[in-house]
Amino acid sequence: MENTSRSRYSRDAWGFDEYHPITQNGSNLHDAESGIGFMIVDSLDTLIIMGLDEEYKKAREWVANVLDHNQDTDVSLFETTIRVLGGLLSAYHLSGKDSIYLTKATELADRLLVAFDRSESAIPAAWVNLNTTMASHRYEISVAEAGSLQLEFKYLSHLTGDPKYWERVEKIMLHIDKLEKFDGLAQNFLSISGGEFIGDWIGIGALQDSYYEYLLKQYLLTSKTEPMYLRMYNESIAGVKKHLLRRSIHSNLLYLGELYSRPYDRTNTKFRPKMEHLSCFVGAFLALGSAKIHDSNSEENLNISKELTHTCCEIYFRQATRLAPEQVYFYTNSTESVLDNGFSSSTENDFEIMVGRLNLYLIEIPEWGWRIFQAFEQYSKFTEGGYTEIEDVTVIPPKTRNSMPTFWLAETLKYLYLLFEDPDTDLLSLDKYVFNTEAHPFPIFVPSKEIRGEGWSRQ
């Protein structure tokens, strides 16, 4: 899979941020003149982990001699942080501290800081121009975008000894903690100018997922030295159990829905039985928390983790292609007609394989991962090389899309590789590493007082 995917990208689109297998060409994100590194940098650590030395050497040469972030283009603060900054930082560690990666990471981070410094509140701008150092004028940012920068910027402060990166992202978390939540659950958007919650939805899928993921992982990355993040994590999980967990009527599957709930009017809160594929990370997320936090909730959380992972695999296996749709709706009463044994695939939006979002690394039963792997091979593999997204996973033959996302190389293939590795090798042990939301592993560290300061606590 890795060789097939990378060889076609290298042949047809080397240096571009995205690859289009059907037309066999590449394109850059955000109208950039040249690649920002979304494809090459995002998959550097995959090459290192798999021992693909020649491919890695070529990628490193591109980073050293071609990659230039001084481009007059607007980029997403969130996507650039988790993919490019995260990829550079992970490559720095896994390469044995090759200085080119830390240099490039620092240069990029300094350009991204304008998103924080030009904001009127503690909440950063969602987009920033890498050349003009101007922040976008959008008035909102999702809570996932604002709350999923912390691992990368904190680790960079640890490596450089410069607290400015740590301070910017810590400020976000301190601010969010002070906002009124719904039993630990955040709204889907934040106002950039005022910093308050806006938006009408609460869930753990798109726009919110990695915010909750990073509550736990911030606590783990800094060697459990920041207890506030453990408190925020526990509060949010309690809210998830109370408001978002439900069972399907016909199949008794445990699933995660979402709430329509305005921050200024909780009297009209309504539950919607829609589960997004992005929410499948919660199974691995709770398993990780149960393994690393031994408290009175650990056993219950682990059981929920197993059931949610089972549900997510059922969502895969009950489709004609055995590949998951972007979202499904569960039936809420027995009078509704039953399609697909208890849930229906969404027809509101086009379907696509959100490859890589299911954290296969933590699935207890490797056979499930193997079945998903076989489905990718059968339906997503393009005859001329590379792998494509799928337009509709409920029909055979499926219609394909002319796109191979960067997270296919950065996340999916990496997690599949780790899932089937020899367990005795202990490669990237979760006792030593924390993976960011784009599957880039960072080593666990103890932050110095010089970069962390006194920390923070609730007043």
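Each Cβ is built from the backbone N, Cα and C atoms, and glycine gets one as well.
Some features that TrEMBL has for this protein:
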- Glu79: active site, proton donor (ACT_SITE)
- Asp209: active site (ACT_SITE)
- Cys280-Cys312: disulfide bond (DISULFID)
- Glu326: active site, proton donor (ACT_SITE)
- Glu352: active site (ACT_SITE)
- Thr437: Ca(2+) binding site (BINDING)
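The Cβ of Asp209 (active site) lies under 8 Å from the Cβ of Ala144, Leu278, Ser279, Phe281, Thr437, each of which sits 6+ residues away along the same chain. Under the DSSP three-state reduction, Glu326 (active site, proton donor) is assigned to coil, being neither helix nor strand.
Each residue contributes its Cα atom, and for Cys280 (disulfide bond) and Glu326 (active site, proton donor) those atoms are 11 Å apart. For the pair Cys312 (disulfide bond) and Glu326 (active site, proton donor), the Cα-Cα distance reads 11 Å.
Annotation for Glu79 (active site, proton donor): same-chain Cβ neighbours under 8 Å, separated by at least 6 residues, are Leu29, Phe38.
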